[in-house]
Amino acid sequence: MKFEDLLLETGGFGRFQILILAILCLPRINLPMHFLLHNFLAATPSHHCAIPHQEAFVNLTMEEVLLISIPRKPDGTFSSCEMFSQPQFHLLLNSSLQAENKSIIQHCQHGWVYDHSQFTSTISTQWDLVCEQRGLNQATATFFFIGVTLGAMVFGYLSDRFGRKTVLQLSLLCSLLFGMLSAASVSYTMLAVTRTLTGVALSGPSLIVLPLGMEWVDVQHRTFTGILSSIFWSVGNMLLALAAYLVREWHWLLVAVTGPCLLSIICLWWVPESARWLIAKGKVKQAHRHLLRCARMNGRKDFAEDMTLKMYAQRMVLQREYKNMGGSYSYISLFRTPVLRKISLCSGVVWFGVAFSYYGMSMNLTGFGLSIYLSQFVFGVIEIPAKMAMYVLVNRIGRRQSQAWTLILAGVCIGANIAIPKPFSSLRSVVAVMGKGFSEAAFTTVFLYTSELYPTILRQNGMGYTSFMARLGGSLAPLVFLLDEVWRSLPEVTYCGVAVCSGAVAFLLPETLNVRLPEGIEDIE
């Protein structure tokens, strides 16, 4: 007897499942508030070199002081990273003149002056992470995603070994601790370390929340569960825009987005452990107790007492698989058999492409004629209709076609914005929003798709491996922005190429529409 049959006898999808999904939405909402926090935490406001002895120019306006102290760029704006070694008073007579002697231009010698109209403080203004130190600013996001990458390997294994719920609570507790330590950082080094550890901890909820909910849901409601979980991510996206708009100081912004972890920890006490996992580990009595609770809450009081025998039969099937794999499962198990090996390789490429293009777009909120807060909010709003559309599409045209084409179209939109001139800001905004919608649709599909590709006994290992590949893509995405020093459009070309190529690889994966969740390796092969 398959586990889906056991679930059907408890009511399939009822109040019990709705309660679980409602509670699991809390950590899901909190995730993007950290994953995309870099947009506001490390935002760089307009700035220029600090001008020494400025009190000597009391008879000049601020514009005139800048004119004689800061060289202009070709577009007419003042340079952010250079200054004149001596005041150029002759420019007051003719501001259109350019300094002929380049030797009088030097890098900022006395720090920078920042525009605080939009941000009270960010880590860029706190530690002057601009100009030559710009790489450290972008690296902050990379450190976070490196942490998430390392955590993906750890928590995928731990949740298969010690249970979904226990490890989820542990990861949320660590997220709360390291998040608050990040807010209290007194140096860039401390921030980099604590943000990395926060990333490690937050990989737990990002890995476990969806499979834990999915393992309590019947086949007919798997798609609904995946889309619903993804919608909560978009809600978190929009709430991040609101939080950042209300809290302009980076220390308190970190506190604001970390605090909800405490609420998630408290509410998780009402979520049961996965009965699938309990049966697979031979803990049949605990599984039976949770299934009885599920049946009662769903109004199925006739849930058979002999169901324990059926669960023992299910356990025998899973344990036979366990012995066939040598008595243990690891990430190596994902590559031991031919079909599973192909699935693992292709899904890894797809996850890398999805995350690389998604975070590449999500962390580029300027250049579209909208404020950074409005861009973040609009990018969150567009994700919801994209997810709704995927709810229909994945059941109509299948998971594989949906995954491939959403990625390819996201890449096409990124490429289109390279060709659209900057003055056409409205058109660029529309194309960017469309691309963000396709990118989010690809992310929505890949979470659902991957959880259906791997068998129960390897599902968390599979999710851990693919999450590792995704976080590798997320780690590299912020650093690609630094390529604009080589060629202004090179970052966009890179995001476009990776999205299109990984979309093509998705065509090599098997279709899982209306197929039972595989329990063991034999179901895959």
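Using N, Cα and C of the backbone, Cβ positions are placed for all residues, glycine too.
Not measured: the values here are computed from a predicted model.
The domain 'Major facilitator superfamily (MFS) profile' annotation in TrEMBL covers 87-514. Per TrEMBL, the feature transmembrane segment maps to 139-158, 170-191, 197-217, 224-246, 252-271, 343-361, 373-393.
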Applying the under-8 angstroms CB criterion, which one of 139-158, 224-246, 252-271, 343-361, 373-393 scores highest with the transmembrane segment (197-217)?
139-158
Can you name the far-off residues of the same chain, 6+ from the ends of the transmembrane segment (139-158), with a Cβ under 8 Å from a Cβ of it?
34-35, 38, 41-42, 123, 129, 167, 171, 191-192, 195-204, 206-208, 330-331, 359, 363, 460-465, 467-468, 470-472, 474-479
Determine which recorded stretch among 170-191, 252-271, 343-361 has the most C-beta pairs below 8 angstroms with the transmembrane segment (224-246).
252-271
Would you mind giving the whole-number mean pLDDT across the domain 'Major facilitator superfamily (MFS) profile' (87-514)?
86
